[in-house]
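Notes to accompany the following structure.
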Amino acid sequence: MNFCNGMKRTEIWTPDIVLKNGVKKFEELGGDFYYLQLKPDGSVYWWPFQVFQSKCDMDITYFPFDDQFCNITFNSWSFSKYEVNLTLFSGGLPVDYYNYVENSVWDIVSTGAYASPESEVESEVTFSLHLRRKPLYYVMNLILPIILLGVINLFAFVIPADAGEKMSFSVTVFLAFAVFLSIISMQLPINSEKTSLMEMYLILQLTIGVATIAISSLQLRFHHRRPKRTVGRFLRGLVAIERCLRCKRCCHQSDSHKNGDYDAEDDEIDWNDVSSAIDFICFWTVLVFEIAIASVILIMLSNKVEYIL
């Protein structure tokens with residue numbers, strides 16, 4: 001005889017299984033409107049359905065190319081392992097993908113499930129998820145604009161001091177970096193133990209932006225100084241370095257006299273030459289620094305990034 005009877009949860013005893021690592025509160029698995037099936041051999045089958053919010057320790061170091069490993073743990077809140085023993089079915093997949101809906105932010109790389117060993121005080125069942133973030137959105141909307149802003153920041157040293165837009169250009173780029181830093185901060189969970197490489201890169205870009213504003217301020221002051229003021233030894237040295245880098249012949253000419261004696265070419269150095277030398281030296285210095293920062297970040301990500309964009 002094929003016997004199968006359905007009973008409501010309020011009509012039969014069910015274990016109080018709860019999500020151990022829930023976000024807000026302990027919530028018992030299943031609702032009162034679910035039916036349980038009784039079989040002729042005395043076994044009872046219960047297939048509860050529920051949406052949970054579980055917390056997970058996030059490692060944001062490699063954001064947005066990060067992998068996260070999250071556990072969802074269930075146990076009986078009121079009963080010991082001798083009264084309620086939670087186990088897993090032998091065989092089959094650890095997690096059923098039948099009702100799974102594709103997510104636009106995360107991919108499920110792998111899943112696992114295990115029950116607590118007999119030596120443990122509590123009887124628990126843990127489901128593990130290996131999640132991988134989809135980086136395309138962040139690459140297109142965050143990483144590429146930040147890299148382009150870093151390139152644009154170099155052109156603050158290309159704009160002539162007479163143009164009048166040098167300071168406003170530097171401040172605008174600096175504020176753009178600050179906006180992107182706030183956007184990334186909103187995308188990441190609050191975590192004081194680990195810092196994202198992307199945040200570190202933005203902080204370095206902000207530091208370069210502050211240095212660019214400070215150097216541009218000094219440069220504009222030098223540019224508008226009275227011609228009668230004598231150019232100091234250090235600033236003459238900057239002009240000599242700039243001429244040496246631009247033209248080796250100029251380097252030999254400007255180096256013809258030592259110990260404070262300058263030739264006729266050195267005597268012609270004015271404050272416009274100083275301003276131009278500062279622009280030239282700072283442009284190449286910042287360019288080398290930008291390449292070094294990008295290289296270090298790429299090396300740190302080289303063993304992590306497994307995506308083909």
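Keep in mind that glycine also has a Cβ here, set from the backbone N, Cα and C atoms.
What TrEMBL says about this protein:
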DOMAIN    8-135  domain 'Neurotransmitter-gated ion-channel ligand-binding'
TRANSMEM  136-161  transmembrane segment
DOMAIN    142-233  domain 'Neurotransmitter-gated ion-channel transmembrane'
TRANSMEM  167-188  transmembrane segment
TRANSMEM  200-220  transmembrane segment
TRANSMEM  277-301  transmembrane segment
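Summarised as a single figure, the pLDDT of the domain 'Neurotransmitter-gated ion-channel ligand-binding' (8-135) averages 82. Across the domain 'Neurotransmitter-gated ion-channel transmembrane' (142-233), the DSSP tally of helix, strand and coil residues reads 69 helix, 0 strand, 23 coil.
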